[in-house]
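**Q** Below is a structure I'd like to ask you about.
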Amino acid sequence: MTSSSFSFHVDMSWENSWPFYTVYPCSFLFFLFAYFLGPRFWPKFPFGVGKQYEKMSEMNKMCWQQNFNGMIHAVTCTLLLIVAIAIDPVLIDERPLHMHYNIVGYAALSLSIGYFSFAIPWTNYLYFRKHERHATNMSLVIHHHVVWLACLSYILGRTCGLYGAVAFACMEFTNWFFVAGILLQQMRSKRRKLMGACNALLYFSFFVCRVVICTYMMVLFSIDLSSFSSDSAGETFLVIFQYAIFIFVWALSFYFAIREVKPLIKQKLAQKVDKRREQRKKVVKGSIAEASTSTASVGSDVKSGLQ
């Protein structure tokens, strides 16, 4: 990639940045009100959701409300980013690291900044003030802060558009099934097939999106960065900064896989082993019972013969 032919500058004018000034505050207010109006809304929800919500503890209700916010954000952001990539041939063909403005992608990240502007204080409060370590963890707290910085860096500099869009879309897509599974667990759902489908889709999407696609994009990003040059120190800093964030979040995905997904797989395998053991015990007990019945019958026959 050659040096940029234009002067890099941060352009926050209304003409080019209006999604930030409109979508961002609307997004923040939406997630804020959705969370705090939850106690009034969820008890009236049909399909048995309202009844299960009322049975939850206060902490579980808080997590339910925030998880539902996370689900809305994941679905909306993923769809917007897919559209942003699909309608922009320059983004796909040239993979620009220099400034490149995509209004749909810009709106998607403005929405995400609004979401994280609420989610970050919430997770910080839960982790540092309430010490609810079972409800959240430090890796998630760090992840939220890093993703917020990544979104903000694109809002300001509009660099590395393709790599940010693909990585963010892939990671949010896997959250569709991750969050859905958590919501089902919170409801104490007895729909085993539905929960099994969520887990299967989580494992599959995690492998395809976070491992295969993001690793491939990381290799392309590294190749493009090796030939990148710019006359602007600010643009160079942003590109290197975004590359570092990409590597960090990519590595964090493997950490999540080891810490979260691997124990789930072990749990499922252990459950299958336990089921097989129970089945074997039933077979053995059935065989013993049949043998006892046969012995008793033989004894009766012998006794009858003696008489």
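Positions of Cβ are set from backbone N, Cα and C atoms, glycine also.
Copied straight from TrEMBL:
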- 20-38: transmembrane segment (TRANSMEM)
- 59-269: domain 'TLC' (DOMAIN)
- 71-92: transmembrane segment (TRANSMEM)
- 104-128: transmembrane segment (TRANSMEM)
- 140-156: transmembrane segment (TRANSMEM)
- 162-184: transmembrane segment (TRANSMEM)
- 196-219: transmembrane segment (TRANSMEM)
- 239-258: transmembrane segment (TRANSMEM)
- 275-307: region 'Disordered' (REGION)
**Q** Is the count of Cβ pairs under 8 Å between the transmembrane segment (71-92) and the transmembrane segment (140-156), pairs 6 or more apart in sequence, 3 or more?
**A** no
**Q** Would you say the transmembrane segment (239-258) and the transmembrane segment (104-128) are touching, if the rule is that at least three C-beta pairs must lie under 8 angstroms and be 6 or more residues apart?
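**A** These two stretches do not touch.
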**Q** Quick one: do the transmembrane segment (239-258) and the transmembrane segment (140-156) reach 3+ CB pairs under 8 Å, ignoring pairs fewer than 6 apart in sequence?
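**A** Since 3 or more Cβ pairs under 8 Å link them, the transmembrane segment (239-258) and the transmembrane segment (140-156) do come into contact.
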**Q** So what pLDDT does the domain 'TLC' (59-269) average out to?
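**A** A mean pLDDT of 92 is what the predicted model shows over the domain 'TLC' (59-269).
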